[in-house]
Amino acid sequence: MSTSFMKSPRLFFTSESVTEGHPDKICDQVSDAVLDAFLTHDPRARVACETATTTGLIVVIGEVTYEQGYIPIEEIVRKTVKDIGYTDASYGFDADTCGVMVAIHGQSPDIAQGVDRALEVRGDGYVTDEEVATIGAGDQGMMFGFACNETPELMPLPIALAHRIGRRLSRLRKEGVLPYLRPDGKSQVTVEYSYGRPVRVDTVLVSNQHAPDVTQDQIRHDIIHQVIHAVVPPELIDEKTKYFVNPTGRFVIGGPMGDSGLTGRKIIVDTYGGMARHGGGAFSGKDPTKVDRSAAYACRWVAKNVVAAGLADRFEIQVAYAIGVAHPLSISVECFGTNKVSEETILRLINEHFDLRPGAIIRDLRLRRPIYRPTAAYGHFGRDDIDAPWEQTDRAEALRRAAGL
């Protein structure tokens, strides 16, 4: 999002979310459920787990290094699918009867040696766990973090509302309030901005899989009144707000029967809804030595603390890494003209208050715990309903004092 966004008197921005029963999200959740199982067995496990699904089938592939022991992957897959809500063959997909194929093997030793001992300290002899420099980045790449003061969770409003709608759909389905809903669904919200501030919701789109015998009129009424109006603040809705509910007119065939799914295909849904840049790396199925995940979490942590400290109203950070190297290659910041102190000062304060080496990120955010399955639906950021330590603003006060604010 450029600085022109802050200068425009009228601008529209749209973000989407998907429900936990979307085929791509099934795969993300399976990959993270498998990851959590390995981390429960061995907190230092190295995991790269990918999942694909189509009609009647889930395939789990990847590379894993861990202390030997039995991990019941097929059982984990079926339980995850059942928890999502695919419990009846009439939905087009059933946890008990779908096929499950597993093809997982060991991590490449060439990659492992770079992660195990970072380039700066690699050599003969044992390196202790306490030396954070011993963990090098698991791959090259750049990661972004973002925060803004549009919402209490310091997230962009369009993606925040889209996620709230998705969670509400899931809750009403699972509680039996709207029993005709099925697990697959999508939401999309368009917000009107004026000079960088949200002023109203222009359009809300909801598509949700449903039973064949329910009418479109009932679906539209229930979704507008029990879902949209329940989560969108009334002051943001006016007589010009537009609603689209299942605009194709019918959404009976859904889930993996309607579309194939794959881990890592909803990276914008997972992050900031397109409001911020993205380095391209997906999160789910990756242990925290993979900086695609851990560094993106750290960048969100930094950005949220900068905004919570009042150093800027909108803030984006980029961090870049080389495989096997612990220290970031570069760190850059962008405040979109909203900063209260210079960007140079903010960058200096970040370097003083945050250690962005992979080992330090894992240590400070306690990332070797099995906390990832809940992140795999409804966004990794802006969450107060799950264990997400990168959402803490524990360094905001120190940043504020150091900046003289």
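Note that Cβ sites are derived from N, Cα and C of the backbone, with glycine treated the same way.
The region 'Flexible loop' annotation in Swiss-Prot falls on one of the ranges 107-117, 184-194, 272-282, namely 107-117. Within 10 Å of the C-beta of Asp259 (ATP binding site) there are 15 other C-beta atoms, taking all protein chains into account. The shortest Cα-Cα distance from Asp259 (ATP binding site) to any of the binding-site residues (Asp24, Glu50, Glu63, Lys290) is found for Asp24. Nearest Cα neighbour of Gly185 (ATP binding site) among the listed binding-site residues (Asp24, Glu63, Lys290): Asp24. Largest Cα-to-Cα span within the ATP-binding set His22, Asp184, Gly185, Lys186, Arg250, Phe251, Asp259, Arg265, Lys266, Ala282, Lys286: 36 Å. For Lys266 (ATP binding site), the spatially nearest entry among the binding-site residues Asp24, Glu50, Glu63, Lys290 is Asp24, judged by CA separation.
Sequence-distant contacts (6 or more apart, same chain, Cβ under 8 Å) of His22 (ATP binding site) comprise Asp184, Gly185, Lys186, Gly255, Gly261, Lys266. Glu50 (K(+) binding site) has Lys286 as its nearest neighbour among the binding-site residues Asp24, Lys286, Lys290, going by CA to CA distance.
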